[in-house]
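A.B. asks: Below is the structure I would like to discuss, written out as structure tokens.
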Protein chains: 2
Amino acid sequence: MARPGTHSARLRVWLLLVAVGLTVEPVCGVWPLPQSIHQSPDRYSLSPQLFSFTYGKDSAAQTGCSVLDAAFNRYFSIIFPDFTKGPENELRYWSESIPFVVSVSVKSRGCDGYPDEDSDESYKLSVADGQAVLRSATVWGSLRGLESFSQLVYQDDYGSYFLNKTEIVDFPRFAFRGLLLDTSRHYLPLHAILKTLDAMAYSKFNVFHWHIVDDPSFPYQSRTFPDLSKKGAFHPFTHIYTQSDVMRVIEHARMRGIRVVPEFDSPGHTQSWGKGQPDLLTPCYKGDVPSGSFGPVDPTVDTTYTFMERLLKEVKYVFPDSYVHLGGDEVSFSCWQSNPNVRKFMGKMGFGKDFTKLESFYMESIMNMTAALNKTSIVWQDVFDYRERIPQDTVLEIWKGKGYQAELSRMTKAGHRVLLSAPWYINHISYGQDWRISYAVQPQNFSGTEEQKKLVIGGEVAMWGEYVDATNLSPRLWPRACAAAERLWSDEEKTLNADLAFPRLEEFRCELLRRGILAEPLYVGHCKHEYNGL
Amino acid sequence: MARPGTHSARLRVWLLLVAVGLTVEPVCGVWPLPQSIHQSPDRYSLSPQLFSFTYGKDSAAQTGCSVLDAAFNRYFSIIFPDFTKGPENELRYWSESIPFVVSVSVKSRGCDGYPDEDSDESYKLSVADGQAVLRSATVWGSLRGLESFSQLVYQDDYGSYFLNKTEIVDFPRFAFRGLLLDTSRHYLPLHAILKTLDAMAYSKFNVFHWHIVDDPSFPYQSRTFPDLSKKGAFHPFTHIYTQSDVMRVIEHARMRGIRVVPEFDSPGHTQSWGKGQPDLLTPCYKGDVPSGSFGPVDPTVDTTYTFMERLLKEVKYVFPDSYVHLGGDEVSFSCWQSNPNVRKFMGKMGFGKDFTKLESFYMESIMNMTAALNKTSIVWQDVFDYRERIPQDTVLEIWKGKGYQAELSRMTKAGHRVLLSAPWYINHISYGQDWRISYAVQPQNFSGTEEQKKLVIGGEVAMWGEYVDATNLSPRLWPRACAAAERLWSDEEKTLNADLAFPRLEEFRCELLRRGILAEPLYVGHCKHEYNGL
């Protein structure tokens, strides 16, 4: 079992790596693995009393920078969790310790903005005697560097803090490293979402894909259409996200360099929408009469587009990210087919009996609306599968497990940017170490040119909610999602061996526990700081 | 989705049952389903202020009965969780409400004893206007009846408490309804064990099979051999069960009518024992020299038996239950085979090269020791598979999934009492509603006489610890373990249809949440009282 955070564990891992002949450097516990890291056995002791974060003299960001000021406080508590508990050990190290300063320098300020698709997350971290220097182009890069720094610190068996002389040059392999939560099949309380954002930052995820509404419930409290949640949520008060809740999520995410991309999936997956928005969904027919049940959004009436435009305008206003996910997956055609008005419309439009054309017609309208609002659309692969010619800057997301490599080829050949999620549907659980399956994924391993490979902008871990709510979310996500996090951040060449990753992931899992994330065990063993079950 | 605890949910379930034509009675939410239950739509309102438990005049147990006094307090808080929170609603119902008294009568007192294999858990419960009468032979039966009673109470949409006119005659199908926790592969903090006992009582489980030690760690702090945990636990202070911890577990279990059967598994699964007890394990050899590693307990030396006898004497003293689990599973013979002393012993005993004989020899000694201590042994099926003639009162437990029906036939034909665990290894998870697999198990569906069927004394849900610790224990156990709980308690004829069970189990799962058990969802939906993620 792992004894994380101790020098002996690090030594063991080091010896292991030496033994398998891959490297002669000590491995660091940083997860995901930095692009380049050099560590030496020289170690420096840290005293909480004499430890500080500071802004470099040449830094564009200085005290008052919201993102970094808060990060300094957060990481101090993460690195020295015991220190904040009481004053009794305040002076313990005083006599024997020397100060340690982490100096953070940022090229451009941008403390009050939001991370976006072009955010530079690279950083350089140099740890030497008495000081560490962290340099980055943006505050988002500093956040990544602070996270790595926090993972370098460890305690020996006497509780003293140390870190080794280290040089890190780091940047993400993919710009888009997402995690999807589904708050429709089960409602997730705000606290569960915020905790997930914390853990995402520890793994350097940078996009929270909020699959906020779907068939079962509509928890988003719209200011324009309050009836949507009033009638479509599981409960109009206890099971909704108010505007203030959404703002809290976005701000919590921003402080951690995480984008919030909401998904308003249509025309399918909209049963709950129909409750608060009459005439939005297609009435299904049994023979010549309405059956009383409803199908996907009705794409044949003007009111649908008026509604969607107003909703998307609100979404643009509420969610600052330049991306919005429009769904477009799994549309069942049987209800459309049963409806005489829809059939008439099909004839008028010359669609024949091809309902994929009707869906494409709808999605194109919605995507154009989104473009007019200056937003980039993400859609599920179905939209591409139905009609290859869609607006060029639309991002396509692959969710079907079968043949996803071929789909990557086709989509990138058509010049589209692509997100890969199919192999990371980690709501699908199985017995044992299934993180290894996620870890083995190679997102650029498909037939295509170098240009095509570059169109893979990243991927997403998906935690769909059929069987998941706040009771089991955290241990199902962590540390299983960490496997994809490393695949999306690190150099694939250096991280394909899951056996080598195992002790580092085990150590990281214990670190997640220590930080209050209910991450489940990878295998038999224990952590120094266990969850106490309360 | 379920809206548990509301009248409309009950009505819906009722209508469903009427629709499928199985019964015209309203279904009760009681899980596991009582042997006989009759409910009428007549309902009575309950006011927390005017509600009380009392002992019947003819009851052998009266105020001062530890088990029932505590149960009255516990169930009051379970039935009226809001009432205990503050005084503001103390008089709300005063004017309009009438008193309700639950009168509990027990034939024989036995308040200070422990439940055992012969405990009568049957009860009769009659709910009428203003009072409920609960009658049972023992306090353990009263506990089961109180649990059922608590599940009859529900709140309407205004928060008022109700229960329907009800007649229940109930008793368990099997006397032994166990749940195994493994505290060796991961340490489970005391609190996680106590919470599990709470949830077990809600599902009417009555045996906690404490697989307390195994290869990875020895957390049991022995008074006779303190080095076992000092050297064999993951940590000698933070990862052990002190004598006081064990007493707390046993008393917490007793108060809920749950037996605690400890397992000290040998001769295999003992790697951790070797650390604190030199010369106990067999030294493995490489050629003519010891390899430095150790195998199973060394069955060829007297010191082994002296040690085991002293340990079992302590176990007898510490654990009041008349059963003790001796393990005996998965013994690897390669180390024994490598050891020249063992080989010599084999020759001397005339065992040839059949190491199953050596294991049988060891187990027989241990079982005889146990019998001499007046304890009943449980052993894993391997012991029977190696040698069919073993002490007749030994209970055999089946853990191998393949062909467990044939094994049931063989064991009962040999006249042994049997426990079935193989199909209930619910540490093995899979995606979706795998509780249905547990629910479909028919423990007496094997070829054999009626006498043979009676030798199946029950079964056990096993939650082995390879991938489980306090971070994920509760949602993996609940509500998945409830499926086996119903199979072990209820009439199989009335409970084989999982689709009919589903809404009742969904409701029960919400009730578990309401009681503070982190039970995961069965499918899309929500509960009135969700876990808030904190």
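Any Cβ shown, glycine's included, is placed from N, Cα and C.
Keep in mind that this is a model prediction, so the values were computed, not measured.
Residues or ranges marked as signal peptide in TrEMBL: B:1-29. Per TrEMBL, the feature domain 'Beta-hexosaminidase eukaryotic type N-terminal' maps to B:30-152. Per TrEMBL, disulfide bond is recorded for B:C65-B:C111, B:C284-B:C335, B:C510-B:C527. Per TrEMBL, domain 'Glycoside hydrolase family 20 catalytic' is recorded for B:174-491. Look at TrEMBL and you will find B:E330 tagged as active site, proton donor.
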A.B. asks: Including all protein chains displayed, how many Cβ atoms other than that of B:E330 (active site, proton donor) lie within 10 Å of its Cβ?
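C.D. replies: Here the count is 12.
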A.B. asks: Per DSSP, B:C111 (disulfide bond) is which: helix, strand or coil?
C.D. replies: coil
A.B. asks: In the predicted model, what is the mean pLDDT computed over the domain 'Beta-hexosaminidase eukaryotic type N-terminal' (B:30-152)?
C.D. replies: 91
A.B. asks: Quick one: of the recorded positions B:C284, B:E330, B:C527, which has its CA closest to the CA of B:C65 (disulfide bond)?
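C.D. replies: Minimum Cα distance from B:C65 (disulfide bond) across B:C284, B:E330, B:C527 lands on B:C527.
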A.B. asks: Out of B:C284, B:C335, B:C510, B:C527, the disulfide-bonded residues in the record, which is closest to B:C111 (disulfide bond) when you go by Cα distance?
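C.D. replies: Nearest candidate: B:C510.
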A.B. asks: May I ask you to report the DSSP-based helix, strand or coil state of B:C527 (disulfide bond)?
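C.D. replies: The three-state answer is coil.
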A.B. asks: Restricting to the recorded positions B:E330, B:C510, B:C527, which ones have a CA within 10 Å of the CA of B:C284 (disulfide bond)?
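C.D. replies: Those near B:C284 (disulfide bond) - Cα within 10 Å - do not exist; the answer is none.
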A.B. asks: For B:C510 (disulfide bond) and B:E330 (active site, proton donor), what Cα-Cα distance in Å is obtained after rounding to a whole number?
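C.D. replies: About 39 Å separate the Cα atoms of these two residues.
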A.B. asks: Could you state the whole-number distance in Å separating the C-alpha atoms of B:C335 (disulfide bond) and B:C527 (disulfide bond)?
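C.D. replies: Taking the Cα atoms only, B:C335 (disulfide bond) lies 54 Å from B:C527 (disulfide bond).
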A.B. asks: On a simple 10 Å Cβ count over all chains shown, which one of the disulfide-bonded residues B:C65, B:C111, B:C284, B:C335, B:C510 is most densely packed?
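C.D. replies: Selected residue: B:C510.
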A.B. asks: Would you count the other CB atoms within 10 A of the CB of B:C527 (disulfide bond), including those on all shown protein chains?
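C.D. replies: By my count, 26.
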A.B. asks: Sort the residues of the domain 'Beta-hexosaminidase eukaryotic type N-terminal' (B:30-152) into helix, strand and coil with DSSP and give the three counts.
C.D. replies: 34 helix, 35 strand, 54 coil
A.B. asks: Can you tell me the three-state DSSP label for B:C284 (disulfide bond)?
C.D. replies: strand
A.B. asks: Given B:C527 (disulfide bond) and B:E330 (active site, proton donor), what distance in Å do their CA atoms have, once rounded to a whole number?
C.D. replies: 43
A.B. asks: How would DSSP class the residue listed as 'active site, proton donor' in three states?
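C.D. replies: DSSP call for the residue listed as 'active site, proton donor': coil, neither helix nor strand.
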